[in-house]
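*Asks:* Before anything else, here's the structure in question.
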Amino acid sequence: MSQMGLHPRRGLTGHWLQRFQPCLPLHTVQWRRLLLLAFLLSLAWPASPLPREEEIVFPEKLNGSSILPGSGVPARLLYRLPAFGEMLLLELEQDPGVQVEGLTVQYLGQAPEMLGGAEPGTYLTGTINGDPESVASLHWDGGALLGVLQYRGAELHLQPLEGGALNSAGGPGAHILRRKSPASSQGPMCTVKAPSGSPSPISRRTKRFASLSRFVETLVVADDKMAAFHGTGLKRYLLTVMAAAAKAFKHPSIRNPVNLVVTRLVILGSGQEGPQVGPSAAQTLRSFCTWQRGLNTPNDSDPDHFDTAILFTRQDLCGVSTCDTLGMADVGTVCDPARSCAIVEDDGLQSAFTAAHELGHVFNMLHDNSKPCTNLNGQGGSSRHVMAPVMAHVDPEEPWSPCSARFITDFLDNGYGHCLLDKPEAPLHLPATFPGKDYDADRQCQLTFGPDSSHCPQLPPPCAALWCSGHLNGHAMCQTKHSPWADGTPCGSSQACMGGRCLHVDQLKDFNVPQAGGWGPWGPWGDCSRTCGGGVQFSSRDCTRPVPRNGGKYCEGRRTRFRSCNTENCPHGSALTFREEQCAAYNHRTDLFKSFPGPMDWVPRYTGVAPRDQCKLTCQARALGYYYVLEPRVADGTPCSPDTSSVCVQGRCIHAGCDRIIGSKKKFDKCMVCGGDGSRCSKQSGSFKKFRYGYSDVVTIPAGATHILVRQQGGSGLKSIYLALKLSDGSYALNGEYTLMPSPTDVVLPGAVSLRYSGATAASETLSGHGPLAQPLTLQVLVAGNPQNARLRYSFFVPRPVPSTPRPPPQDWLQRRAEILKILRKRPWAGRK
């Protein structure tokens, strides 16, 4: 049984986000709900389109003014547009907040014809007929216009007409203009009355302890199915989705300054030797992870380098038992070039949350319903956050759960995000406009449910959940995946959605202004981790004065401080070290080791443990020799190893002095006296070469001995002699009864002392430890062959005898002496000369 039997290694387990089937507002069985609502809709709305007005228009481009330097885009664009009997004059200018400078699309393979090469467009904003209350938000590719117009309470949607002819003036050609009916207008209603008393429908679904800016340089890949579905709008769509994902990572609930940066965009065409994208999510992920590594450059400073890669596909992904899978990623792999990758099934604009979810796994986050998260989130805290196991409406006020924030913080604090500290030389700006301005409710439905879907406007309340048209068994129906309308989607006259609520457009301005955060005061010191022997206590502060808003910068700097506490020695009755106590707590955990013959005696394992793993609880079964990581961290204040006074703090080895104070420079001398000068002990050394078959005594090392070192030297017969240790009671601590310990091990001695043994199979055996020994120890040698010219050398330090000082006479003796002298002075001879 390997270590993985207890603690699966990060990255070996894939996680996927599930989606709900179309769900309707009734509390009975879902399939019956679908049939019932489809039937009601077939009566109230017999296959007729949703109420809206449409007409074909030909926008006329008027003369633009000067060209913006280096961009080829006019500084001001004028368009004249006939609209439902009225002529509209659009005064447009480039929106500086939505440029994506420097980003070029890389096409691999044969690009679909509808792509037509890279999308050269830009984002425009402006007014209509000079009305300051009007809003024009359009995407312009040099000809065609796509976007939303809001004018005098009307909401107009403009998009190119596929196959439309150019107008007579050589303008951008035929467009379709739709005027949507106000949400309050009367018309065919889709209402279902729930039984009396039923609940309302609801949605389901690298400095230590320092906050440092992280920059996640991301490769975004879209497969040929994405290209075929989105056509020329693919680049804009991908950037819009990634902008929403980046916005989620900027929310203060993640408690870290994480910047998601798109550095490369690759679109795959047919015939490309790319990743194998198929129904199996696991196989697709493995194929993509292998393929993306070939695109990366190992040099982190190279502009083409990326820290993680994400694949978007329209392929229906399947897990082990169902095809309700929206994405998959390895866990805790962000700086592993081979496994820092994720796949996302495109499901409309809400795919931004799928992307954020999968990248959360890459940052070592678990699902919010996992056992560790249940303890951190509390009851009912697992359904409205990004890392919920099933896609649902994400709480805009707290998109990341306390568990997600804790796991990414610990992950970064432990040094696993080292590759994210370099800031891109030329950061690329993702679209800053709200996605709902570019993608109206109808388009959002098409992205989610297909090109024939449109918005069902009669299902209140607006913004909370996007309801879209569809068909079931020939009957019209409305369906939802419980995702809210995209932020910025018009929801009424001078109103737009934000966080699932319909707000006045003036209120949206509050969401556009970033506010940087500031540190609050330090909190009180917490409890000490130990009652004696040197513990640790913490104090922390939060980024709350003020809390960052609207993508504002999260606080940087030290967020947690710690100090030593209860540094006095533990009582002499403590037979075990602090680490030994933690291992011994597993002595009766037979439920974790069912393959073992019975309860095991667990002791610390130091030999063979890498320095980076010193603060994991690695314990060894004394009888079997197997060792396992029983806990990912030892308790705070546990010494990192027997050879150092440094202690573990939150899973990391922190320097401490021999006085058990963190940051202290005090050291043990050879006598193991803290801060001593080495004068209290003397070195004893010698050699041994009188070998005979069997066991022979070499030297008895006295109690109190320190810095013990035993080493074999020279000769061709070293393999025939072995070290052994015998305790004062006659029992063996090492290699007794002709039974050898072949591999490196820690020899645990009475008094919580251990010696490090190289193992009997080592080319040259060694035995070492700091001590001091609690009782005498006899060093022996076991001879099993013909040792020629072999020699054994040993050394250790023993306390010097304390020089005796004359004891002062007792007080009563001094008093009696004074009385005797007084009597003698009174004798007759006392005054004679």
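From the backbone N, Cα and C atoms, a Cβ is placed for every residue, glycine too.
As annotated by Swiss-Prot, signal peptide applies to 1-49. As annotated by Swiss-Prot, domain 'Peptidase M12B' applies to 214-424. Positions annotated as disulfide bond by Swiss-Prot, on the basis of similarity to another entry: CYS289-CYS341, CYS318-CYS323, CYS335-CYS419, CYS373-CYS403, CYS445-CYS468, CYS456-CYS478, CYS463-CYS497, CYS491-CYS502, CYS528-CYS565, CYS532-CYS570, CYS543-CYS555. Look at Swiss-Prot and you will find GLU358 tagged as active site. Here Swiss-Prot flags 433-515 as domain 'Disintegrin'.
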*Asks:* Between the disulfide-bonded residues CYS323, CYS491, CYS502, CYS555, which lies closest to CYS335 (disulfide bond), Cα to Cα?
*Replies:* CYS555
*Asks:* By CA distance, which of the disulfide-bonded residues (CYS478, CYS543, CYS565) lies nearest to CYS373 (disulfide bond)?
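*Replies:* Of the disulfide-bonded residues CYS478, CYS543, CYS565, CYS543 has its Cα closest to that of CYS373 (disulfide bond).
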*Asks:* List the same-chain residues at least 6 positions away in sequence whose Cβ sits under 8 Å from the Cβ of CYS403 (disulfide bond), in sequence order, or say none.
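*Replies:* For CYS403 (disulfide bond), the qualifying residues are MET365, LEU366, ASP368, SER370, PRO372, CYS373, LEU376, ASN377, MET387.
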*Asks:* Out of CYS289, CYS318, CYS463, CYS468, CYS565, CYS570, give those disulfide-bonded residues positioned within 10 angstroms of CYS478 (disulfide bond), comparing C-alpha atoms, in sequence order.
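*Replies:* So the list is CYS468.
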*Asks:* Express the distance between the Cα positions of CYS419 (disulfide bond) and CYS502 (disulfide bond) as a whole number of Å.
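*Replies:* With distance taken Cα to Cα, CYS502 (disulfide bond) is 41 Å from CYS419 (disulfide bond).
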*Asks:* Please report the DSSP secondary structure of CYS502 (disulfide bond), reduced to three states.
*Replies:* strand
*Asks:* Taking Cα atoms as reference points, rank the disulfide-bonded residues CYS318, CYS468, CYS497 by distance from CYS555 (disulfide bond) and give the first.
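*Replies:* Nearest listed residue in space: CYS497.
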*Asks:* Which recorded positions from the set CYS289, CYS318, CYS341, GLU358, CYS456 come within 10 angstroms of CYS502 (disulfide bond), judged by C-alpha positions?
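*Replies:* For CYS502 (disulfide bond), the recorded positions whose Cα atoms are within 10 Å come to none.
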*Asks:* With DSSP, how much of the domain 'Disintegrin' (433-515) is helix, how much strand and how much coil, in residues?
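*Replies:* Across the domain 'Disintegrin' (433-515), the residues distribute as 20 helix, 25 strand, 38 coil.
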*Asks:* Considering Cα atoms only, can you say which of GLU358, CYS463, CYS570 is the nearest neighbour of CYS289 (disulfide bond) among these recorded positions?
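*Replies:* In terms of Cα distance, CYS289 (disulfide bond) lies closest to GLU358.
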